Structures are given as C-alpha cells and as structure tokens.
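Right, one structure below, let's go through it.
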Amino acid sequence: MTRRNRVLVLVAAVLVLAVVAVASVLHASARADRRNQAQPGGPRITAGTVALTGGGRMVFRNMAWGPHRDELTTVPASDPAGARTASKVKCLRFYAASGTGVCLQAVHGAMQDTYRAVILDARLKERAHYDVPGIPSRARVSPSGRFAAWTAFVGGDSYAGTNFSTRAAIVDTRTGKLTPSLEAYRIVKDGRTYRAADTNFWGVTFAADDRTFYATLATKGSTYLVRGDLRSRTVTTLHANVECPSLSPDGTRVAYKKRAKGLPKDAPWRLYVLDLRTLRETPLAERRSVDDQAVWRDDHTLVYALPGDYGADLYEVPADGTGTARRISTAAVSPVFLH
Amino acid sequence: MYVADSRASTTAPATSAEGAARPRAGRRRAAVAPTVLALGTVSLITDVSSEMVTAVLPLYLVAGLGLSPLGFGLLDGVYNGFSALVRLVGGHLADRGGGRHKWVAGFGYGLSAACKPLLLLAHTLTPIGLILAADRTGKGLRTAPRDALISLSSTPETRGRAFGVHRAMDTAGALLGPLAAFLILRATVDGYDAVFTVSFCVAVVGVLVLVLFVPGTSVKKANASASVQKANASPSVQKAADRPTLRAALALLRRRDLRRIAVCALLLGLATVSDSFVYLLLQRRLGVPDRWFALLPLGTAAAFLLLAVPLGRLADRLGRWRVFLAGHGALLLAYGLLLSSWHGTALPYAVLVLHGCFYAATDGVLMAAASDSVPEELRSSGLALVQTGQALARFVCSLGFGAAWTLWGDRSALTLAAAALAGCAAVSFLLRPAPIAKAPA
C-alpha cells in the first residue's frame with residue numbers, strides 16, 4: 001500500500017469512528033435531558049421545606065428523574081411511597097439525627113470533581129464543610145447529633161491502578177475537630193496492639209453515649225467488627241467477617257453485611273444481625289446480596305437500598321430473621337427516620 | 001559518542017546493522033526515526049483510551065452501578081502477577097520466526113481495544129474484573145515487542161532520545177485521557193457508556209496507526225545482524241541466533257552485560273518504593289490537603305513528560321548508566337526530602353519533580369541500555385526479561401516496605417528504603433557494564 005493510500009484509509013477510519021464517538025456522546029447527553037423531565041407514573045414531587053426536626057418522617061436522596069433528582073426529599077414515615085417534598089439540597093449520601101445532618105456532595109470543578117462533607121442544621125443550612133478525599137459512600141451522625149462520620153473510596157493511591165482503599169473520618173460538630181482517618185487510632189486485636197500498613201476502615205455507626213462507635217476494619221484480606229472509643233482513640237476487634245455495621249436504637253444489636261460462603265464473587269453479601277452480648281448471628285429474610293449500610297427504622301425493622309430501575313429502591317425486612325423483605329419506596333437511597 | 005558495551009568496542013564503533021543502516025555522521029541533531037514517532041503516536045492514542053476508562057472506573061462502580069469497589073480490589077491482586085508472565089510470553093513470541101514484533105504488539109493493542117465495548121455489557125464485578133484482566137493481558141503482550149521495535153529502528157547512539165520521545169508521547173496520552181473522560185462526563189449525565197464507546201473508537205485509531213504506519217521488522221535485517229554478532233557471541237547464543245527459542249531467550253542471561261543490567265535493575269527495583277507509598281508519605285509527612293491527593297500522580301507524570309526527551313538525549317551523550325544511576329539519585333533525594341525536617345510549601349513540588357525526574361531518567365533509559373546488550377533477533381525477549389525482573393523486584397519491595405511500615409512506622413521504613421537504595425546504587429555503580437561512556441565527540 002502506498003503512503004497516500006494508507007493516509008486515506010486512516011482518515012476514512014477516523015471519520016467513521018468520530019461519527020460513532022460523537023453519536024454516543026450526543027445520545028448520552030440527550031438521555032440526560034430526558035432524565036430532567038419527570039417520568040409519567042413516577043412519584044409526585046413538589047418543592048418545599050424539609051426540616052430535620054419533627055418525628056414521623058423519612059428523609060432520603062430522591063433518585064427519580066426530573067427537576068428534583070438527587071435532592072434531599074421527605075415523605076411521611078407511615079407512607080414512604082407517598083407524595084414527596086424536595087429541598088433543593090443535593091447529596092450523594094446523607095444521614096441525620098437530632099437536628100444535625102451530614103450531606104456528602106460532589107463539587108463540579110473545571111478539571112475534575114471533588115467531594116465534600118457538609119454539616120447541616122435542622123433547616124438544612126450549612127454549618128461547616130470538610131474535604132472528602134475520594135468518592136463518598138457511607139455517612140452517619142451520632143444519636144445526639146454531636147458527631148458525624150463518613151467513608152470515602154480513595155483511588156489515586158496507585159497510578160492507573162484498580163486497587164481502592166477507604167478513609168473513614170469522624171468530626172466533632174461542636175468543636176469542629178476532625179479526625180481525617182480512623183487509621184490514626186490505636187488498634188487492639190486479640191488483646192494486643194496491632195499495626196499494619198494495609199488497614200482500612202469504613203461504615204462508622206455511633207452509640208448513644210457520644211463515646212462509643214462501631215465500624216468495619218479490613219486488613220490482610222479479612223474484615224472485622226470493631227468497637228471504637230472516641231476518648232481513648234482506640235478500636236478493638238469484636239467479631240470477624242462484618243462489613244458496614246449499623247447499631248440498633250437500643251444499642252444491643254448490630255445489623256451488617258456478611259460475606260457468605262458459596263456465593264458469587266460479585267454478589268457475596270447477606271444481611272445479618274449480631275447480638276453484641278452473645279455474639280450470636282441471625283440471618284435475615286432478605287435473600288439478595290445487599291451492598292449498603294442498613295438503617296434501623298425502629299428496634300424491629302431494617303431498611304436498606306438495592307439497585308433498581310432509577311438507581312436504587314428501598315426495602316424493609318424484620319430484624320429477627322422472620323417474615324419477608326418488601327419494597328417500600330422506588331427511586332430512593334440513603335434514608336433516615338426522624339424520631 | 002557512547003560506546004554501548006564490550007561487544008561493540010571489540011569491533012569498530014557502530015558496526016551493528018542499525019549503525020550501518022543509519023550512519024551516525026550528521027545524525028546527532030536529526031529527529032528520531034519515523035517508526036519511533038509512529039509507535040509514540042500509537043502509545044499516545046492508546047493511553048488516552050485506556051486512561052479514560054481508568055479515570056472513570058471508580059466513579060462508575062460506586063455512583064453508576066452502586067457497587068463497592070473494595071471487592072474489585074480483591075480481583076486486582078489475582079492478575080497482577082499474571083501480567084508479568086504475559087510480558088515474557090509476548091517478548092518471546094515476537095522474536096520467534098525472526099521478528100514478528102509488529103504483529104504481536106498489534107494483537108496486544110487489538111485485544112485491549114476489544115475490551116472497551118465489553119465494558120458496556122458488564123454490570124457486575126466479576127465480568128468487569130475479567131475484562132480488565134484481558135485488557136492487561138493485551139498490555140503485557142505488547143510492551144516488550146514495542147520497545148524492541150523502538151530500539152531496532154533507532155541507531156545505538158540515539159536510542160536514549162528515541163525512548164525519551166516515546167515515553168514523553170506515552171505520558172502525554174496518559175494525561176489527556178482523564179481530561180477527555182471528564183469532558184464527556186460533563187457534557188452528559190451518567191455518560192459512562194459514552195466514555196467507554198469513545199475510548200473504544202480512540203483505541204481502534206491507535207491499532208490502525210500501528211498497522212498502517214509501523215513497518216514490520218524484516219527477517220533479512222535480523223539475519224544480517226545475526227551474522228555480525230556471531231563473531232562475538234558465546235556458542236550458546238550463537239546457536240540461538242539461528243532460531244530464537246525459549247532456551248535461547250533464557251541463555252541471554254549468560255551474556256555478561258545483560259546479566260549485569262538485569263541484576264542492577266533487579267537490585268535497584270528492590271529499593272524502589274511504589275508510587276502509592278510515595279504519595280501517601282507525601283500526604284502524611286507534609287499534610288497535603290485531601291482534595292489534592294488525586295492530583296499527586298499528575299505531578300509526577302507532568303515532570304516525566306517534560307524531562308523524558310532531554311534526559312534521554314543526555315543519556316545518549318553521557319552514557320545510559322550514568323543517567324540511569326543519576327535518576328536513582330533523584331529518587332534518593334526525594335526520599336531524603338520526605339525524611340527531612342524542612343516543611344516548606346515548595347516541598348511537595350520538589351518531591352514530585354524529583355519523582356518524575358526519576359522516571360524520565362530510568363524508564364526509557366534502561367530499555368536503551370539493555371538494547372545495547374541484546375542481539376537483534378532476541379531483542380524483544382531480552383527487554384522483557386529486564387522489565388519482568390524489575391517489575392517483580394518492585395513488587396517484592398512493596399511487600400517488604402508494607403511490612404517495615406507495619407513493624408517500625410513509615411519514617412523508619414523510608415529510612416531503610418533510602419539506605420537500601422544508596423547501597424544498591426553503589427553496587428550497581430561497581431557492576432555497571434564496562435566500558436562506560438566516553439566524552440561526547
């Protein structure tokens with residue numbers, strides 16, 4: 001083939017491929033426009049006031065297509081599938097307790113997205129914000145509203161790699177003191193101080209005393225439930241194969257996802273409840289793999305997200321292993337029940 | 001000029017086939033060979049494609065699919081070691097039959113390109129892991145034949161520059177990829193499918209440029225050079241020169257120069273702390289704000305991009321080993337800065353520039369140096385051997401560094417690494433292939 005012909009072949013191929021590439025971008029951006037239109041048959045959503053006080057309500061991130069996509073939205077807890085009130089505040093993940101909220105947001109920059117954790121007051125006004133070093137996933141506030149915690153997946157630890165690590169941060173919302181990574185805490189494993197470069201923490205959940213918390217510790221390919229102490233800055237391992245713990249309102253049990261044997265690698269988790277006194281595990285009636293930090297609706301019921309048509313739907317299941325799972329809301333994620 | 005090794009020095013300077021084909025008189029200022037530019041273009045385009053995917057993958061897994069990427073990290077370890085072996089296979093296959101470099105490299109590029117549209121279909125961790133494993137297999141297969149092609153198409157005295165140009169173009173692609181992905185995500189909402197489709201189109205262009213504009217290595221030329229090298233080669237290598245076999249590739253290690261290069265690369269690799277640890281240390285010791293963390297690798301890449309060509313040229317003039325060792329000196333200096341009590345605002349920049357300088361002075365320069373010691377018909381296998389040795393040594397260093405960090409803390413671990421690096425550099429200096437550089441003409 002002559003040089004001229006080779007150039008012609010290349011130019012022709014580049015033109016064809018450019019058309020394909022541009023078409024795929026246009027298709028994706030047109031889809032974006034459609035997503036900004038409310039879909040017929042979707043939940044009814046109106047703009048309004050959302051507050052973090054007053055009981056009997058559920059607040060969550062609305063995933064339904066339309067102008068209020070990704071906004072914090074509220075419904076009556078007794079009618080989670082009912083009409084939604086949206087707040088204009090957009091969050092990827094959210095949690096709240098006693099009038100304090102934590103909202104993990106993306107900040108769209110010129111060159112890349114960055115993320116931050118915003119502490120909200122009861123009227124969703126910003127009180128403070130903190131940098132989050134990666135893609136945020138879990139968020140929690142202590143029952144008193146004093147402490148907030150979040151977890152981020154940090155890439156960039158390895159250039160062009162696909163390995164991820166996590167950073168779990170805790171902030172005292174009263175003093176503003178931030179612990180950017182739980183890796184600063186002393187780890188006590190099997191009664192002894194444990195050190196390793198490969199420790200990762202995620203999924204913090206707080207007890208009512210504003211001193212105790214629980215979280216996942218991963219090291220050397222295993223995960224552990226740890227009990228943390230905010231004053232002595234230590235964490236102590238309690239139980240193996242526990243991820244994303246969630247402490248019950250009465251403080252006696254932890255709901256979590258457990259890697260069960262014989263399940264496919266891409267869907268390895270089952271929901272369990274661990275009795276903290278006896279360390280007895282109870283499998284729940286949900287038979288699907290759940291990759292979420294479950295929320296206790298009350299001392300007897302758990303609520304969690306599973307992938308759905310609009311990203312995620314919310315389900316509930318009894319906490320004692322009985323009954324069946326049932327869907328309570330579509331196009332919703334990161335629920336919190338205000339008491 | 002730089003006289004590569006004892007083989008070249010026993011004969012007249014630059015009597016290898018490449019030297020004869022491209023007389024060095026008046027070539028010093030000449031641009032690099034068209035083949036090198038073509039291969040650089042292929043790498044640039046391919047890196048745009050692959051880094052587009054790498055940049056959005058975590059976001060896609062967490063925000064797009066709602067998976068937690070931790071499970072993915074488990075799969076990652078499985079095929080890390082695999083890609084080192086694939087590299088040896090690619091190197092060997094390219095040498096068999098007298099220079100099939102272009103087609104083995106082309107298969108590697110093609111395999112990676114074919115993986116991109118498959119990402120559109122995969123929605124769970126296992127298939128995504130398998131697709132990325134195939135992608136890496138393609139990368140492993142193509143690397144050694146490509147580097148062999150670069151060295152075969154440039155004269156010995158401009159090889160450092162040729163590799164410098166290639167690495168600079170490669171890194172430019174790695175920097176442009178995430179930018180392209182980000183612009184697409186900006187123009188769309190959840191446009192991951194568009195990112196994967198565009199990445200595929202870009203990868204196909206890369207393969208086409210390779211197929212259309214990179215000449216295949218001619219058997220005739222390889223045979224011609226074989227006859228030149230027979231005069232000086234040991235009997236076992238002489239036999240190998242007739243028909244490259246796996247045994248012949250391993251017999252390469254009996255060549256004193258290549259063995260020394262491999263041992264030096266291995267030793268220095270054992271003291272090269274992996275990038276992720278450098279960035280972590282930078283953040284911990286200097287308190288780099290969290291939001292800048294993801295940008296640290298970009299700083300290294302930018303310095304690599306800017307310094308690859310000048311340091312490659314310097315390697316041609318001063319001697320590859322001097323520049324290669326000086327590059328490790330830059331890394332040692334970076335370790336020293338991380339350990340020092342100086343906490344100025346310029347420190348992160350200084351460390352990243354030194355880190356990029358280390359890559360610019362070692363990555364392509366090592367391949368240029370190794371090329372001097374491997375006969376043409378085994379070039380690809382020889383380069384693969386050195387690369388694999390270095391990669392495995394760095395992997396061992398990562399494990400050791402992690403253990404030292406666990407036992408004694410980050411500061412002691414880095415002090416240990418710095419001491420090991422200084423020691424290995426001293427040994428490498430003594431082991432360096434003789435005779436080393438003469439003053440430039």
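Every residue gets a Cβ built from N, Cα and C, even glycine.
Keep in mind the model is a prediction, meaning the values are calculated, not measured.
Residues or ranges marked as compositional bias 'Low complexity' in TrEMBL: B:1-23. Taken from TrEMBL, the feature domain 'Major facilitator superfamily (MFS) profile' covers B:35-435. The annotation region 'Disordered' is assigned in TrEMBL to B:1-26. What TrEMBL records for B:30-46, B:52-75, B:168-188, B:194-214, B:261-280, B:292-311, B:323-343, B:414-431 is transmembrane segment.
Of the candidate ranges B:194-214, B:292-311, B:323-343, B:292-311 contributes the most Cβ pairs within a distance under 8 Å of the transmembrane segment (B:168-188).
For the transmembrane segment (B:323-343), same-chain residues at least 6 beyond its ends with a Cβ under 8 Å from one of its own Cβ atoms are 160, 268, 272-273, 278, 281-282, 285-286, 311, 314-315, 350-351, 354-355, 357-362, 365-366, 369, 411, 414-415, 417-418, 421-422, 424-425, 428-429, 432.
Each of B:194-214, B:261-280, B:292-311 was scored by its Cβ pairs under 8 Å to the transmembrane segment (B:414-431), and the highest score goes to B:261-280. The average pLDDT the prediction assigns to the domain 'Major facilitator superfamily (MFS) profile' (B:35-435) is 84.
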